[in-house]
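What follows is a short report on a single structure.
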Amino acid sequence: MYLWLKLLAFSLALLGPEVFVTGQGTTDDGLDTTEIVLLPQTDPLPARTTEFTPPSISERGNGSSETTYLPGFSSTLMPHLTPQPDSQTPSARGADTQTLSSQADLTTLTAAPSGETDPPGVPEESTVPETFPGGTPILARNSTAPSPTHTSNVSTTDISSGANLTTPAPSTLGFASNTTTSTEIATPQTKPSCDEKFGNVTVRYIYDDSSKNFNANLEGDKKPKCEYTDCEKELKNLPECSQKNVTLSNGSCTPDKIINLDVPPGTHNFNLTNCTPDIEANTSICLEWKIKNKFTCDIQKISYNFRCTPEMKTFALDKHGTLWLHNLTVRTNYTCAAEVLYNNVILLKQDRRVQTDFGTPEMLPHVQCKNSTNSTTLVSWAEPASKHHGYILCYKKTPSEKCENLANDVNSFEVKNLRPYTEYTVSLFAYVIGRVQRNGPAKDCNFRTKAARPGKVNGMKTSRASDNSINVTCNSPYEINGPEARYILEVKSGGSLVKTFNQSTCKFVVDNLYYSTDYEFLVYFYNGEYLGDPEIKPQSTSYNSKALIIFLVFLIIVTSIALLVVLYKIYDLRKKRSSNLDEQQELVERDEEKQLINVDPIHSDLLLETYKRKIADEGRLFLAEFQSIPRVFSKFPIKDARKSQNQNKNRYVDILPYDYNRVELSEINGDAGSTYINASYIDGFKEPRKYIAAQGPRDETVDDFWKMIWEQKATVIVMVTRCEEGNRNKCAEYWPCMEEGTRTFRDVVVTINDHKRCPDYIIQKLSIAHKKEKATGREVTHIQFTSWPDHGVPEDPHLLLKLRRRVNAFSNFFSGPIVVHCSAGVGRTGTYIGIDAMLESLEAEGKVDVYGYVVNLRRQRCLMVQVEAQYILIHQALVEYNQFGETEVNLSELHSCLQNLKKRDPPSDPSPLEAEYQRLPSYRSWRTQHIGNQEENKKKNRSSNVVPYDFNRVPLKHELEMSKESEAESDESSDEDSDSEETSKYINASFVMSYWKPEMMIAAQGPLKETIGDFWQMIFQRKVKVIVMLTELMSGDQEVCAQYWGEGKQTYGDMEVMLKDTNKSSAYILRAFELRHSKRKEPRTVYQYQCTTWKGEELPAEPKDLVTLIQNIKQKLPKSGSEGMKYHKHASILVHCRDGSQQTGLFCALFNLLESAETEDVVDVFQVVKSLRKARPGMVGSFEQYQFLYDIMASIYPTQNGQVKKANSQDKIEFHNEVDGAKQDANCVQPADPLNKAQEDSKEVGASEPASGSEEPEHSANGPMSPALTPSS
């Protein structure tokens, strides 16, 4: 027995006290603890190092891959170890030999291999290596005391969540048996401290990209082992910045060791940025660690370190992580190492290389301004020593400044486009461009430009101070251009200098002038070196008011006496009236002759003066003359016209031909009524029966009309009406149309051969033949004048002179009478015949007797020249012809005519072309300009000298009236009702007649910035198709036209303007705009042609480009030549330059001349320019422009062998200006003032009744209207 006990004790001694380990880790209630059983490694671990490379480990059997979290560099974080007392303390050695049973609750971890054993006889202490955060091992402590095989229990506690995971030791342990028995009982031994046993345990954190969490491994001096397969040494899916407690327990030590795990944040939360402001980047550096917004870790545990070279200074920063370095060297490289620390252990490290920016350049050592002219100066300088990339040169005059950016390799610059006699300061500095542009200090130099010619004075006004004294005031010119300011006034009358004044202020009082005399006042500005161009204003003195009072007293006395005489005569006539009809008739006849007054013939040199005298006082003298002419001479019977069979052949019952001179037709089959037609023979000037005045044919009398044409051998028919006027039938259409070809009128066959439409008339070539006569057919020319308005008379008497030229071109000596008819055959017919006959008298005898000839017309046909306005129109046509003569030229004769016009004979006299230009009326102030000169509208005018006349300005509606009708129907409606001055807005634009009269153009100034919206409203309301822009936006530093378009969509009130397309050519830019109105459904397309070769000069540099531009514009316009005079005030084309006159006038004139040449093969430069001047002030204002029009037309239409050869637009256009500047100044005399137009209302004489209810007498449609007076030069 003793022996067996001895063997048992010996066996127990061999196994050692640690064969049975009863260590179960205990934790606080509520914590979930995981115990991991580890076996000690037999191999010692290497010593701890501070540098490591995070490995990729795989400790699971399934080959899953994990990546260490800290890429790029390594550091070891020492674990925070908190001891915890062991819950079980064995009291005796024998307790270790007890067999324990425990159920292990293990997480899924990979077990360490268990095949390693300790060397015999060497006691070993179990260690658990811990790596934090990236796997850097820490040295394990080894014990020299022998130790039996044991197990360690590891418990982990999630501090933040309270979960307790426990892995207990296995309850049953195997041990080695020995046959040796011993009765010796092992004495109990004291256990070592677990802090010492697990002192070298480290924690290694590994970031898992797939789960976005950390895995923690426990490591020590020796690789830990697990005795059983369900033992764990790795914790997975730890969120960043979370905390856990790990409890290490082992039966060989007491108490258990607790490790607090503090999981670090991921490096993706940190971003190193350069926060240096650009402006400070040359001497400062700013680096900042940015933390993501959703950062949940304790910011107090984060710290930062920076170390920058070349200074090699280290900067420890607080939680803000921003580094500022100041006073650094410019353009120098710096390298900074930036570190992020977590619990004072390096978590992330980055190197950042930063270069400071360029420094500010130095001031230029020398700047000089020299060689100044009146518009330029030369600036030179020396290069600075510091680094620079270029120069900026600024030159200024108060308050404006303009700068130029110059290259680095220049050292001089010529400043251009300066104002004369102006102080300028030039500032020059160098600059360098890095992260920002840095400008060096400026170096200045001052200079003054030289003097130049001044501009015209502004705001010149003349007014009467008394009957024979005039006040003249003005303002200084915009451009003085010199050191002094003197005003010189010249007073002229009839081209002769009367007085001269010279003073420092522009306030003159010119007295002691002649009464009722026209004067011209010319004001020059002198700046001390140069004399400017004159500003000219006409002004007339008044009559002598004192003498007028005496005259009025005398007139009252004479009038009173005359009134008494008239009353007596009336009484006497009534007393002598007889009841006998024959005696009454005899008395009337005597009275008709007696009521005529004595009017002397007018000589050509007194024609204008006589006209002025008679038109004065609302045409009182003209009215007296006209009313003295009997409407009907009753001594001439009209029995044939009143016969019953003839009454239906008369259009009006009271407009009948006299029996003695009516046109008699051949009798048909004994029918006496077949000889009648309402037509009369009319004598011309010393040529009997030159004309036949007829009524407009009715449907019932068309056959008789052609019978008259055939029998009278007439070859020219002049029709001075339209078939319908004002919805009233005026004349039957008695000729075949081109589609019809031929029409038969009883025995006369009429064939139309040609039809040509011109603006004011239509020419048709007809052939007539008689069925029953063997005589050959005849050619008949039918000319229909279409420009006579429904009411009144033509505004321009030149139109009737032009009609006369066309008629005379087709008439010859062998022709029969010229047949002239309107509707009734008296009013317009008599007017045309009167003009034709009196012009023959003027050409033959140099005098005219208009009154006497009209009396003779009335003796041949009643009511000839039916109303007073027609009577005055005859005088106006004579004045027009006498003043201006024939200025129309055929294209085939243009070259020879132009050569003669340019000849000087003698050389000192003006050429005929210059004399023709001098005869052009200026039309200054011939119409009112009240609207444009109102105070609220003055700011809308670019020039006070170019203000539209009231009668033809373009009014703007305040709101577009939307009609329920379609837009096509609204186009046909007239706009005149809505164009009243009271309800319309103002814009500086005028209607200008185009060659095709009803189709008007608009001449406008370049829009101001504040009138761009009005400009587009005008385009929309007037249905403009094409805009012609003849100016640049800027002239020097002065705006001459606001840019009224932009990229994309522009909105102006209810208008939207969209630039759709842009095309550029060598001569112009074509833009297409789409206009939309909020109250209109359909958009409109408007084309803009911007001329780029006319740079503001008076004449275009490339005339052929202007012709090409016009040809291209015409392709965009609707087809011209509409019949009728319906006046819509719509314009297909709008032309504008700076002021709407200088370049616009030349363009409009050339546009109309080209149309005239293409349509009629004639040009009339004089009349075209005269018409434009009547429409807008300042149109074609120089002789150079006037001569240019002749030259360009001659170049476009050269002649070869007497035939016109039309030139291509690409052909070279040459001009020969034979007038030098000095001679022109001497030869161009300013025309005198135009006369005022007569009043528009006068009363017609008598009344007529229509023959049928559907027709009215002619004079009701031709009611008196004011004549359009032609002003004189």
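Keep in mind that glycine also has a Cβ here, set from the backbone N, Cα and C atoms.
Checking the candidates N250, N890 against Swiss-Prot, the annotation N-linked glycosylation site falls on N250. Here the candidates are N178, N941, and Swiss-Prot annotates N178 as N-linked glycosylation site. Candidates N274, N502 were compared with Swiss-Prot; the annotation N-linked glycosylation site appears at N502. Put simply, of the glycosylation sites N200, N245, N371, N471, the one whose Cα is nearest the Cα of N282 (N-linked glycosylation site) is N371. In the structure shown, across all protein chains, N245 is the one of the glycosylation sites N245, N327, N333, N502 with the greatest number of other Cβ atoms within 10 Å. Secondary structure of the domain 'Fibronectin type-III 1' (361-452) per DSSP (helix as H, G, I; strand as E, B; remaining residues coil): 0 helix, 48 strand, 44 coil. Distances between the Cα of N371 (N-linked glycosylation site) and those of the glycosylation sites N245, N271, N333, N471, N502 are shortest for N502. Of all the glycosylation sites in the record (N200, N245, N327, N333, N471), the one with the smallest CA separation from N271 (N-linked glycosylation site) is N333. On a Cα basis, N471 (N-linked glycosylation site) lies 15 Å away from N502 (N-linked glycosylation site). You'll find the Cα of N471 (N-linked glycosylation site) roughly 127 Å from the Cα of N250 (N-linked glycosylation site). Counting neighbouring Cβ atoms within 10 Å of each of the glycosylation sites (N282, N371, N471), the lowest count belongs to N371. Separating the Cα atoms of N333 (N-linked glycosylation site) and N327 (N-linked glycosylation site) is a whole-number distance of 14 Å.
Counted over every protein chain shown, other Cβ atoms within 10 Å are most numerous around N250 among the glycosylation sites N250, N271. Within 10 Å of the C-beta of N200 (N-linked glycosylation site) there are 22 other C-beta atoms, taking all protein chains into account.
Secondary structure at N282 (N-linked glycosylation site), taken from DSSP and collapsed to helix, strand or coil, is coil. When secondary structure is read from DSSP and collapsed to three states, N327 (N-linked glycosylation site) falls in the coil class.
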